[in-house]
Amino acid sequence: MTLNCETQPSVYHRHFPRCGRSPQCRSKESEAQLSKKRLSHGQQRRMHANHQRRLQQTEPNAELDDTLFGDAQEGVVVSRFGKHADVEAADGTQQRCNIRRTLPSLVTGDRVVWRPATQAGSKGVVEAVHPRSSVLTRPDYYDGVKPIAANIDQIVIVSAILPELSLNIIDRYLVACETLSVEPLIVLNKVDLLDAAGREFVEEAMTIYRDIGYRVVLVSSHSGEGMAQLQHLLTQRISIFAGQSGVGKSSLLNALLPALESQIEVGAVSGNSGLGQHTTTAARLYHFPQGGDVIDSPGVREFGLWHLDAEQITLGFIEFRDYLGNCKFRDCKHGNDPGCALREAVERGEIAETRFDNYHRILDSMAQVKLRKNFTGGER
């Protein structure tokens with residue numbers, strides 16, 4: 001039974017003669033006062049500032065002792081874990097580091113200035129980050145536009161041919177590549193599982209991409225098909241492996257970097273989807289012995305492009321560019337508009353219908369997401 005100081009004076013009033021002095025009543029009074037009096041914007045700002053100051057006072061890197069660190073040196077972020085980053089020095093040694101609170105969000109591939117810890121078992125500190133030549137981002141429901149990797153010059157779009165070849169995912173990544181001005185490489189994995197009819201279908205589908213200038217490699221980490229060609233295309237490049245979860249990115253890396261096989265986990269195949277299980281939990285950078293770097297990134301089921309506008313999506317389909325500006329109406333949406341130059345090119349066979357359909361699927365998905373969520377861009 002719940003006791004109330006108004007109905008049970010014998011219990012509470014022996015210790016609190018005045019009802020308003022009991023903890024229960026004081027709590028109720030406070031709640032009532034707060035509910036009746038709304039905080040002003042100034043009060044809310046002061047409360048938020050005080051809250052942030054208290055958080056900063058307890059952060060491990062709030063007041064780092066400079067005497068605990070060595071001289072500043074250049075390095076590269078090989079992986080990021082929450083408030084810490086693994087940084088590799090010029091001599092190849094790695095050390096986990098705290099990140100100065102004044103720095104923007106670090107990602108794998110960032111070139112940084114850092115100082116190593118002078119005591120064994122302690123963390124170093126990242127002092128500064130160099131400007132990025134490129135950054136791969138994707139929109140996130142909770143974090144806005146989320147960076148994935150920095151300073152890459154090649155995106156390796158890995159796709160599996162089973163249980164189903166997803167050209168929509170490939171086209172999404174190609175739009176991202178064109179927006180970033182980063183060269184794409186399309187890699188179809190597990191081609192050893194194809195029969196003759198399946199092989200013919202895949203080759204025909206990939207002809208579309210080869211004809212508009214994209215490089216395509218068919219590989220199998222199991223049989224070794226295409227692996228030498230893939231290795232050659234990765235040499236002296238800074239690449240990121242990207243694609244759906246479980247398409248075999250980690251298996252390919254194990255085949256390309258056998259010395260690191262124990263460090264790169266490979267997941268079992270899901271009985272429901274036919275795809276391997278997601279094994280990479282954080283993007284990580286590896287080095288090829290013959291030169292070049294590669295980043296293994298967490299797989300994503302659908303690569304969102306919500307942070308781009310319709311014009312950027314349109315320009316991301318490179319074969320569209322020669323026809324833009326030739327439509328009958330200046331505000332043509334390239335759908336069923338009369339006199340649409342793009343649709344006429346599709347009807348003449350100059351633009352692949354599958355690519356045109358995927359273009360509209362991407363635009364439709366963007367519109368649906370923006371209706372569900374008031375999405376605002378901006379890196380956090």
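Every residue gets a Cβ built from N, Cα and C, even glycine.
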CYS177, CYS340: which one does TrEMBL list with CYS327, CYS332, HIS334 for the Zn(2+) site?
-> CYS340
PLDDT averaged over the residues of the domain 'CP-type G' (133-303) = 83
Closest of the binding-site residues to SER251 (GTP binding site), Cα to Cα, picking from CYS327, CYS332, HIS334, CYS340?
-> HIS334
For the recorded Zn(2+) site formed by CYS327, CYS332, HIS334, CYS340, which further same-chain residues have Cβ atoms within 8 Å of the site's Cβ center?
-> LYS328, PHE329, LYS333, GLY335, ASP337, GLY339, ALA341, LEU342, ARG343
